[in-house]
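Novice: Pasting a structure here, questions to come.
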Amino acid sequence: MVYHAPPSHSPMLGTPVSVAISDKKRDVQQLSQNMVYANLRSTPSPHAQAYGAAIDYGSQLPMMVPAGGMYGPAGMSPIHLYQHGARSTRRGDHGADHHVTLRSALLDEFRANKSRKWELRDIFGYVVEFSGDQHGSRFIQQKLETANSEEKQIVFDEIVPHNALQLIQDVFGNYVIQKLFEHGTQVQKTMLANAMEGHVLPLSLQMYGCRVVQKAVEYILPEQQSAFVKELDVNVLRCVKDANGNHVIQKLIERVAPERLTFVQAFRGNVYELSTHPYGCRVLQRCFEHLPDEQTRPLLDELHKYIINLMQDQFGNYVVQFVLEHGTPHDRAVIISKLRGQMLNMARHKFASNVCEKALITADSESRGLLIEEIMTPKHDGVSPILAMMKDQFANYVLQRALSVVEGEQKEALISKVRPQLMNMRRYSSAYSKHLMAIERLLERCPPYPMDSTKDIAISGATSDALS
């Protein structure tokens, strides 16, 4: 079985720093090289985007819970200390690791004896230890998929409730817990979720715990979903802005009945702040996608106050594009009205140019015609928007999009204005050859009679792909 790796919690996700401290950490490094991971999280936007410096998660690998610690009952042993005939083994054949850990003779044999046909019953009494081991965790995950009810119950009883929280936060153990949610009975899922109650906030903010919380939300009953929501209510904005917690909030919005999502009220008055945040922008998009109008209307009305600024923001532009593509005709019309008179300025902006393209694609015929007419009309100071856009590294893509979606007589008029400018630029300058080549290709495919706009869009998409 292949491990499911950490979701790409952040567009700034970086590779953990290699630290040769324990066998488990070396296993983590080996995982990053050898395993294929599946992403649990939902992505905020399909658009490529440059982000800031990488976040170092190395210090979080893994979180161990000491006896009587924050997440576990008193008397809980740290996850790497086991009792069943455990013997001291020294890790680190390279001489850099001098830490002594305890591992049972059975786990040593399991790791060494690959020829033996191992079954779940062979490790009963050692389930927690095996769950915290890279190879042992994979073995249990595989077996749980086909185990009978008695075998699942034995595994469950060894983990729940006293060892559940430590495994939820473990780099390997969290996958075993996820399998219990997937393949356990409803009673077992309820008991497992009960063990998490009271700890949902810290688990949601933890690198591995957040994945288990997401998985739990998919399988628990509505009443327990409400209990999870209630625990996060007061700290929902903290979760939204957290690299791990934002995925939990997104999952709740996707899976929980809207009337139970009481924390949505906290987003009011914070729409601009959330829209311009790398994680908050994702959460807002999930709200607009899944929540009914009575919950989203106050958020959208607040959003419209900041449209021009959000168009130019590296994260806010994604929220505006999402509303253009998936919003109501009213919301789309409001955004397009804010673009009127600003097309050239917005087209030359790195982020707003994406909004201009989306507006040209999603607008109704009348609104699209008005935006393109603005592109074709010289400014009062004599500046030709078409010429300026052809020269600009961002606006030229907006012009290409206009050529691909323009219709009827306006199409002929636009082409007649672009063609002579193209010839002049070709004659006097070679600095814009990349931009001009794409526009030339579009014009070559534009006959003097009306063409099907769907074909145009396909051509433009191919051209943009070739240039990107």
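Keep in mind that glycine also has a Cβ here, set from the backbone N, Cα and C atoms.
TrEMBL: automatically predicted annotations, no manual curation.
Per TrEMBL, domain 'PUM-HD' is recorded for 102-443. Summarising the annotation, TrEMBL assigns repeat 'Pumilio' to 122-157, 158-194, 195-230, 266-301, 302-337, 338-373, 374-416.
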Novice: What else in the chain is close to the repeat 'Pumilio' (302-337), if you only count residues 6 or more beyond its ends and a Cβ gap under 8 Å?
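Specialist: Apart from its flanks, the repeat 'Pumilio' (302-337) reaches 44-45, 47, 49, 268-269, 271-272, 275-278, 280-281, 284-285, 288-289, 346, 349, 351-352, 354-355, 358-359, 362-364, 367, 371.
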Novice: Mean pLDDT, the repeat 'Pumilio' (122-157)?
Specialist: 97
Novice: Could you tell me how many residues in the repeat 'Pumilio' (122-157) are helical, how many are strand and how many are coil under DSSP?
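Specialist: So the counts come to 27 helix, 0 strand, 9 coil.
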